[in-house]
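These notes are about the structure you will find just below.
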Amino acid sequence: MTLLGTALRPAATRVMLLGSGELGKEVAIECQRLGVEVIAVDRYADAPAMHVAHRSHVINMLDGDALRRVVELEKPHYIVPEIEAIATDMLIQLEEEGLNVVPCARATKLTMNREGIRRLAAEELQLPTSTYRFADSKSLFREAVAAIGYPCIVKPVMSSSGKGQTFIRSAEQLAQAWEYAQQGGRAGAGRVIVEGVVKFDFEITLLTVSAVDGVHFCAPVGHRQEDGDYRESWQPQQMSPLALERAQEIARKVVLALGGYGLFGVELFVCGDEVIFSEVSPRPHDTGMVTLISQDLSEFALHVRAFLGLPVGGIRQYGPAASAVILPQLTSQNVTFDNVQNAVGADLQIRLFGKPEIDGSRRLGVVLATSESVVDAIERAKHAAGQVKVQG
């Protein structure tokens, strides 16, 4: 039996978001639909989820003491990380003291660090992955590259959105790649992973829900990446029945090994009928924003339903759908959007995230489209996103 209180009343059910970006905003909205009290936390003021939360706090989430203080102040029933850059050792302590970390503190800690999740997948679960080596010095980095061979990819073990990554084709790139990786890590200079290049036909995100009524899968989401960030995503990605079966089996093993209830974004490479594990996020995935238009329950609704202990039941996918990001480049603390009328219509929607400022390139919104085919849905979403003029 699941008991939910009413927000702002003594018996309220309280959810604290750690990270309040566009994904956290949609989680907050889904919590609001169920009368749940939402506290949004981030490193900067006026983050998107703060716009739709009951209260908000600005802290350095890598500071364990600051994190404990805000948790003790608000006394949440659920702590929901939206990003990786969090003091995960403190989350483990808080969980040991009886707090509910979503999906669980171990999953948050393992997936914060590429080494943790890669060793779990490849060494413990024996899943197919790219070849890899870890290095924490320039000399060991050179040895790792020599062992993997060219071409290869170097990434900080702790980074996101493509920061610090280099595709290495020759020895001439090694010094620069090492320095770039040191600059791109979330915790500053440190350890890197060197990966062999995987030959694949396409990448997918398999949104996988672990809930009280078992493990559920959304239709596979295809996506296109550029500079480490997604530009378009679509659903469903066509793949062979055998490849889909293998993808679901890999995703099931990963989420059950990580533990807890919630939605996981499992990233996979697909080549014919072969499937190779890439990464996993124990939370809604940016490529999954397409589910805001493609499913009866978005990835955000599924995440909330799962961590509150509610059954998922089934997931209905409506047909070909796509998302395309609005990614301007400018500097402004007073952003406006023109021509928005060209990004809405029949089977066409827009989400503007409400980020308070931009300095360079930043994802500020997404256009969602459905159509008779995935190809047409992608083109509709891209065209409409290109019509929106961002000014500041």
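Heads up, the Cβ atoms here are built off N, Cα and C, so glycines get one too.
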**OP:** Look at the N(1)-(5-phospho-beta-D-ribosyl)glycinamide binding annotation in Swiss-Prot, where Glu22, Leu23, Glu82, Asp286, Arg362, Arg363 are given, and name the residue from Lys355, Lys382 listed for that site too.
**Re:** Lys355
Original post:
According to DSSP, which of helix, strand or coil covers Gly164 (ATP binding site)?
Top reply: coil
Original post:
By the DSSP assignment reduced to helix, strand and coil, which category contains Glu203 (ATP binding site)?
Top reply: strand
Original post:
Can you tell me how far the Cα of Glu195 (ATP binding site) sits from the Cα of Glu279 (Mg(2+) binding site), in Å?
Top reply: 12
Original post:
Between 0 and 100, where does the mean pLDDT of the domain 'ATP-grasp' (119-308) sit?
Top reply: 95
Original post:
Of all the binding-site residues here, Leu23, Val197, which one's CB has the most other CB atoms within 10 A?
Top reply: Leu23
Original post:
Out of these binding-site residues, Glu82, Arg114, Glu195, Asp286, Arg362, which one has the fewest other C-beta atoms within 10 Å of its own C-beta?
Top reply: Arg362
Subject >> Rounded Cα separation (Å) that holds between Val197 (ATP binding site) and Glu279 (Mg(2+) binding site) >> reply: 14
